[in-house]
Number of protein chains: 2
Amino acid sequence: MGILERKIRQKENMRTNILAVALQLVKEEGWQSLSIRKIADAIEYSVPVIYDHFENKEAILFELSMDGFRLLDRLLEKDKRKYDDPEERLRAHAETYWNFAFKNPEYYQLMYGLGMPCSSPGKAKPEFNSFREHIAEAIEGIVKDNKSSEDETCFKIYAFWSVLHGLISIVMMRCSDIDDSQMNKKVMDDSVNAFIKNL
Amino acid sequence: MGILERKIRQKENMRTNILAVALQLVKEEGWQSLSIRKIADAIEYSVPVIYDHFENKEAILFELSMDGFRLLDRLLEKDKRKYDDPEERLRAHAETYWNFAFKNPEYYQLMYGLGMPCSSPGKAKPEFNSFREHIAEAIEGIVKDNKSSEDETCFKIYAFWSVLHGLISIVMMRCSDIDDSQMNKKVMDDSVNAFIKNL
DNA sequence: TTACCTTTGCTAACATCGTTAGGTAAAACT
DNA sequence: AGTTTTACCTAACGATGTTAGCAAAGGTAA
């Protein structure tokens, strides 16, 4: 229906349009039911034009996940500018990560492969470790007075990330029987507190 | 008399055969490439007979995940019989959970939805919370002398589970840059130690 | 103008998927 | 015997990701 009308409304960057539409569809119906044909329908072009801009469906998901990493990274950078004290900054990072996950569950699931195509096990994502690097900086700042070995510090970084990611996963997949999101956040806060106290 | 029983047995055999073959295929080629037709091929029957035993593909995956939960549960029960001291038992549970995940990654991924079809988001699986209940028992045993509130205890249970699940996820998805599985396990041990010390 | 060539977008197909309708022939029952 | 029930199959439907091949449009050069 839209093919003729479309020619009047001009194109503008088709690539970003495809991504925007794909994200929209994912938000509406979940990434599981995202299909090339639906995207084509939504941008009012035929199917093959999508393959002029993306190698395949996985490339679209990949690009979307990169957008997610970039968005998260921007938020973490803001924390960094706001807080000088490493402990405060670490707390802020945790909060930011948590909020990001629940305000953008589609992104989070795509980024960390929580219930989707096996697109995520991507080694070639540099942004992948952005969060780890941010908390690493903060943790090293807290810990630098102690005489922690390099390994110990590295371990702590993963441990911290794990608590957050694990809790988010469990809550997101409704494994938790705690319905109250306030409560869930409190579990997170408690864990962060215990972690910091133990540094 | 025996005829009817034989028929039931045969039907049961077919069902378990389908599940066994499905699991085998999953181990060989991963979740993403499991298909009804491949299963039919492997059991040397035509496609529709599978639908005589399972409502749909998701039901097969669901049943497989239940097998996973049952297997894990058996291992945790063994821990329970072996260790009376709640702290020792909690450590054993953590080790068991960790080993289960890496010895049966297909099961773990299916059970906790780590990179697959969105089949997992808990559909009234009673076995789903088996692990939580086991560690709950141990943690309550450790904590019962303290004057911890019920909420606090509940939080700690989720926190403990989160560390484990989060770390397993991160390692399984290769987000971690630690290659050495010994090292990864040490992160887990450290986290468990820190957690128990803080109880 | 005419002849070419590149771009742009389409239709139509291929192979695979989950799923189901409908048929056949043997087995079981009466 | 005749009737029903079981066991199983072929063939299809609709949806998927992906690609081959064509047609028109626009620019360039003679």
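Placement of Cβ uses the backbone N, Cα and C atoms for every residue, glycine included.
Automatic, uncurated: that is what TrEMBL annotation is.
The structure displayed is predicted, hence computed values, not measured ones.
Features of the protein shown, as given by TrEMBL:
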| type | residues | note |
| --- | --- | --- |
| DOMAIN | B:12-72 | domain 'HTH tetR-type' |
| DNA_BIND | B:35-54 | DNA-binding region |
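Taking the domain 'HTH tetR-type' (B:12-72) as a whole, pLDDT averages 95 in the prediction.
Residue counts of the domain 'HTH tetR-type' (B:12-72) by helix, strand and coil are 51 helix, 0 strand, 10 coil (DSSP-based).
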